[in-house]
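Trainee: Sharing the features that Swiss-Prot gives for it:
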- T45, R49, S148, H149, K158, D310, R311, E393, E394, S395: substrate binding site (BINDING)
- S148: active site, phosphoserine intermediate (ACT_SITE)
- S148, D306, D308, D310: Mg(2+) binding site (BINDING)
Amino acid sequence: MPSISPFAGKPVDPDRLVNIDALLDAYYTRKPDPAIATQRVAFGTSGHRGSSLTTSFNENHILSISQAIADYRKGAGITGPLFIGIDTHALSRPALKSALEVFAANGVEVRIDAQDGYTPTPVISHAILTYNRDRSSDLADGVVITPSHNPPEDGGYKYNPPHGGPADTDITKVVETAANDYMAKKMEGVKRVSFEDALKAPTTKRHDYITPYVDDLAAVVDMDVIRESGVSIGIDPLGGAAVDYWQPIIDKYGINATIVSKEVDPTFRFMTADWDGQIRMDCSSPYAMARLVGMKDKFDIAFANDTDADRHGIVSGKYGLMNPNHYLAVAIEYLFNNRENWNASAGVGKTVVSSSMIDRVAKEIGRKLVEVPVGFKWFVDGLYNGTLGFGGEESAGASFLRRAGTVWSTDKDGIILGLLAAEITARTKRTPGAAYEDMTRRLGTPYYARIDAPADPEQKAILKNLSPEQIGMTELAGEPILSTLTNAPGNGAAIGGLKVSAKDGWFAARPSGTENVYKIYAESFKSAAHLKAIQTEAQDAISALFAKAAQKNAG
């Protein structure tokens, strides 16, 4: 298990805060070399992330990616507006300027925030879907400049095509390859105008993101029941993009809510340190959430969002910060029992590493379970066409359909998941924490954990490309194995690792995309000791697999 830093959950010493001037200076002065792996564009479903201080998120990265997206749009025939938003990380605004310079030079119609404010990821998804509704041509797409809950020195840039959700690999690989080619060619072929000219360009337009999103919220959450109940709500935007949205929501719907802090500071000095002593706006971490958890008795229900507001953290009174898996299970149970206009065949979307409590809830409410690999992109089609009522990940990211049963967003929306916690509390007269406690009495108590174990790049490749026969296990912690999967049962897509299940427990193992470790997710419905046995057997089986491969290579 990782060792918890002595600084975890405590205010960060001013001496340890990031130097914003140095960060911004490095953005412009450091020139990435695409021959160095760590300095290349690596554009996954969460986009490209890095830091200017490590030459992994700099001006040339953003100019190249923006040109690659302009090229992709042209090739794909995407001619509608590109909705663009930023979060509150220090590198987000300079990256926006770089992107606008390229998009304007390419004649791309771009919609920027009317007030030069911040725009959450779900708001961009909502804007794309709203614009594209009932259109078959001149479709819109979008860009969100955010590294999500990553530390203050990081930047991020992600692309959402016309379906409004995260771009899949068929798009991201094209963008990544083209961007790296531009950098390798010393930026030859990258079109650019000055920032002043970009702002004055007829294709750069101001857009009110706040009003349409806020006005539409009653179509997805029952704002009337929240207001009429008078339930007291605490909200912490964690200094992120949702900071511009909560007051308009409170004013529009008259709910009894308090924003505990509206402070925005690119050093995020108001945060308490995460488990490793780093600042991270992770609303599912009890260490990063110490401020709001400390206020748990002041409100009936409280919640926070990460920096781009695609994730949620629910503080449920005496129960404190809810484990994301627990809240997903409660949200699913509540929604499918209280959305009478949803299609009776709409399913429950979960990832292979999310709690099996969700499986038990889906069975209890008589809904189809759709289990997919890790990544919200796998829920996009289901949410878009209404075959999924809900899609959620154990990392506290989820979205669900409008009350009428049609698509709301195809990206994670931490704002509606927070408001849903208030709706549950208002309608049922009990918090999601109490609802989960009741659920365990009926369906059992799961013991769930994720641990990291070391793995070099060769070992990570072995794990990613496994076949079920290679694992060779017949029992898991004293129970016969029911399934060994390397492809997700919900859609047949590769897990990028494996999942082994028995009656009362399971584990999944998959390599990290960024570090030399692999992750073991495990769960027991018996006890903490049984969970430990599952984790030990999982690690032993994978170590044996690595040893066998090393032996084979040596031979």
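The backbone N, Cα and C atoms fix where each Cβ goes, and this holds for glycine too.
If you look at the structure here, what lies around each of the features I listed?
Mentor: Within its own chain, R311 (substrate binding site) has S148, H149, D282, C283, S284, N305, S395, A396, G397, K412, G414 as residues 6 or more apart in sequence whose C-beta sits under 8 angstroms from its own.
S148 (substrate binding site) counts 27 other C-beta atoms within 10 Å of its own C-beta, drawing on all protein chains shown.
Taking Cβ-Cβ distances under 8 Å and a sequence separation of 6 or more, the neighbours of D308 (Mg(2+) binding site) in its chain are D87, P120, T121, V144, T146, S148, G240, A241. In three-state terms derived from DSSP, D308 (Mg(2+) binding site) belongs to neither a helical nor a strand segment and is classed as coil.
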Trainee: With substrate as the bound species and T45, R49, S148, H149, K158, D310, R311, E393, E394, S395 as its recorded binding residues, calculate the greatest Cα-Cα distance and give it in Å as a whole number.
Mentor: 21
Trainee: In sequence order, which residues at least six apart in the same chain have a CB under 8 Å from the CB of D306 (Mg(2+) binding site)?
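Mentor: When sequence neighbours closer than 6 are ignored, D306 (Mg(2+) binding site) has S148, H149, L238, G240, M281, D282, C283, G414 within Cβ distance under 8 Å.
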Trainee: Considering the binding-site residues D310, E394, which residue's Cβ sits among the greatest number of other Cβ atoms within 10 Å?
Mentor: D310
Trainee: Rounded to a whole angstrom, what is the C-alpha distance between T45 (substrate binding site) and D310 (Mg(2+) binding site)?
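Mentor: Per the Cα atoms, T45 (substrate binding site) and D310 (Mg(2+) binding site) stand 14 Å apart.
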Trainee: Non-local Cβ contacts of K158 (substrate binding site) (under 8 Å, 6 or more apart, same chain)?
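Mentor: Correct list: T45, S46, G47, H48, T121, V143, V144, T146, P166, A167.
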Trainee: Hey, what's the Cβ neighbour count for T45 (substrate binding site) at 10 Å?
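Mentor: Summing over all protein chains shown, T45 (substrate binding site) has 19 other Cβ atoms within 10 Å.
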